[in-house]
Amino acid sequence: MLIHRRDNGFLHPVSSEITPRSAYEGRRDMLKLLATGAAGTALASWASRDALAQTAAPGKLPPLKGAKSSVPGAQAMDKVTDYKDATTYNNFYEFGTDKADPARNAGTLKTRPWTVEVEGLVKKPGKYGIEDLLKLSAQEERIYRLRCVEGWSMVIPWVGYSLAELIKKVEPEGNAKYVEFLTLADPKTMPFVGSRVLDWPYAEGLRMDEAMHPLTLLSFGMYGEVLPNQNGAPVRIVVPWKYGFKSGKSIVKIRFVEKEPGTAWNKAAANEYGFYSNVNPNVDHPRWSQATERRIGDGGGLFAKRTKTQMFNGYEAQVGQLYAGMDLKKLF
Ligand SMILES: Nc1nc2c(c(=O)[nH]1)N[C@H]1C(S)=C(S)[C@@H](COP(=O)(O)O)O[C@H]1N2
Ligand SMILES: [Mo]
């Protein structure tokens, strides 16, 4: 499609024509998907997950218990989302872009053996096996809200421990300022890793103080069981004050770096997804407002009443200080 902009009587190509073709096509696919996610076909997604949801119940996966957490902010503040909703309506683009796709397709994910490689600016780099990671610190149950950038949210009882526990064990060097997370990208088991929707592997990152914050969770389970594949088995990050996409699923690499790392969504659309991506009702997404959200499964499903989104997703008392003096409109 050729779109021209007329300036001073001359025709200039718009940026889409000077962007490499592959990047442009990937972006075009993505914009289409995002547009549908935010509007009409969300309804179709919700309906298509109904059949899956009917059989989704805890009790089928190995138990993973956690003691009630004493970390401030990690206790129940809202009604916990039903398991069937939390496991049948979410994003995991490696398995498809429809909200029902992760539950439908993630059965192929092989979660054993599994290692997480720790590398970069760290004194104890190495490959950490999942069984050792599970035992590295006491498992806690943390009840967190998670709000997706698209405007829906859930309240989930996660099981895991503060990422800080692992970080302290591996001893980052003094010049490590950021932590980068890379997730599995296996084309054999993840059907969409061949698509151009995102740059694979899915990459995310946190500033060191964010990664060390006690609320930042290294999670292995939810609802008293190990994580279902569609929710990021066998290990994922959960950062409750940031939009959901900052919480990388099925992670295989943690890298300590000096400079702010590139992240999957920022690379796909920098004007829409910043590095910080703190939940902020006062900063609109360029294509929609972030002022309100819909709690998934709250009464009428997709038609549930929208509630006001809270600054830092309600965790301002715990994390606001991390951003003191920063212009959150610029550093969104
Ligand atoms: N590897 C990977 N992690 C991911 C995603 C993804 O596509 N791939 N999607 C993110 C997005 S956009 C959201 S909202 C959350 C949602 O999943 P959950 O409901 O299981 O937390 O996972 C995040 N983690
Ligand atoms: Mo999301």
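Note that Cβ sites are derived from N, Cα and C of the backbone, with glycine treated the same way.
TrEMBL: automatically predicted annotations, no manual curation.
These come from TrEMBL:
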BINDING   Asn90, Tyr93, Glu94, Cys148, Thr183, Asn231, Arg236, Ser247, Gly248, Lys249  Mo-molybdopterin binding site
DOMAIN    111-265  domain 'Oxidoreductase molybdopterin-binding'
Around the Cβ of Arg236 (Mo-molybdopterin binding site), the count of other Cβ atoms that are within 10 Å: 23
For Mo-molybdopterin: widest Cα to Cα gap among Asn90, Tyr93, Glu94, Cys148, Thr183, Asn231, Arg236, Ser247, Gly248, Lys249 in Å: 18
Mean of pLDDT values spanning the domain 'Oxidoreductase molybdopterin-binding' (111-265): 98
